[in-house]
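Here is what TrEMBL records for this protein:
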type	residues	note
COMPBIAS	134-149	compositional bias 'Basic and acidic residues'
DOMAIN	37-89	domain 'Nse4/EID protein Nse3/MAGE-binding'
DOMAIN	188-263	domain 'Non-structural maintenance of chromosome element 4 C-terminal'
REGION	129-162	region 'Disordered'
Amino acid sequence: ENREAMLNSKSNRLTEALEEANRLFDGVCRAREAALDAQFLVIASNIGKEKASELHSEMSAFDSTAFAEDLLTFMGINRTEVEETDDSEDVPDDFLPSDAWQKVGEEASKYFRRAPTFHYMMGSFKSEPPIPKQRIERQKKASRGKAERAMPAQLKKMEESHQEATEKEVERILRILQTHFENDPNTPISFFDFVIDPDSFARTVENMFHVSFLTRDGLAKIKLDEDELPIIEPVKPSEGDEEDIRAGARNQVVISLDQKEWK
């Protein structure tokens with residue numbers, strides 16, 4: 001019967017009805033009374049839903065034209081005078097007063113002086129005691145000793161296998177370098193042509209890494225040609241002694257190579 005009055009946004013009759021129902025529910029002792037209370041809850045929920053939907057529609061309604069008119073009036077513009085002067089040819093493009101935006105800024109600054117209210121994104125903070133951690137029983141010393149002895153053996157085996165693979169790759173690259181040099185000993189071998197893989201940047205870096213072992217062990221040498229570009233050639237067995245003598249004079253350099261330069 002009072003649906004229209006309860007749906008009014010300025011009315012608190014729905015809240016009063018809920019408070020009255022809560023008071024009456026304390027004295028419920030029969031099934032029929034509980035059923036009536038449930039029926040009331042359904043009706044109140046429907047009314048609350050309708051009231052919320054109407055409130056949302058009122059809040060979402062925004063008349064941009066009316067807001068623009070009010071803003072211009074607040075700036076000190078008389079729209080009637082502007083419309084009367086529209087017929088003349090001497091109407092300036094910027095008809096806003098010189099202090100129009102300053103006036104709006106001073107008025108808006110009044111509403112930004114207080115700090116915003118603090119709120120949690122995920123709801124209010126609930127202070128609960130920390131969950132006690134389950135105690136993990138320690139393993140027996142005997143089993144732990146076996147595990148510690150097994151791990152270094154596995155790591156050592158992996159390290160040896162990786163070292164063997166590197167040594168084999170270095171030997172393979174040395175054979176390729178020697179073959180190229182034997183076929184044409186008078187033509188210098190460009191270092192970049194030798195190590196760069198046109199199809200793989202990672203493979204190019206690996207090649208440069210493996211070639212560094214050749215120069216470190218004195219199996220190959222790198223020098224600059226007439227164009228100041230690096231060339232590489234294997235060290236002859238007869239030159240091995242000389243290389244050992246000059247080992248202390250070897251220079252170690254770092255080459256910077258990114259994907260842009262590689263392309």
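Every residue, even glycine, has its Cβ placed from backbone N, Cα and C.
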Along the domain 'Nse4/EID protein Nse3/MAGE-binding' (37-89), what average pLDDT does this model show? 75
DSSP residue counts for the domain 'Non-structural maintenance of chromosome element 4 C-terminal' (188-263), split into helix, strand and coil: 38 helix, 12 strand, 26 coil
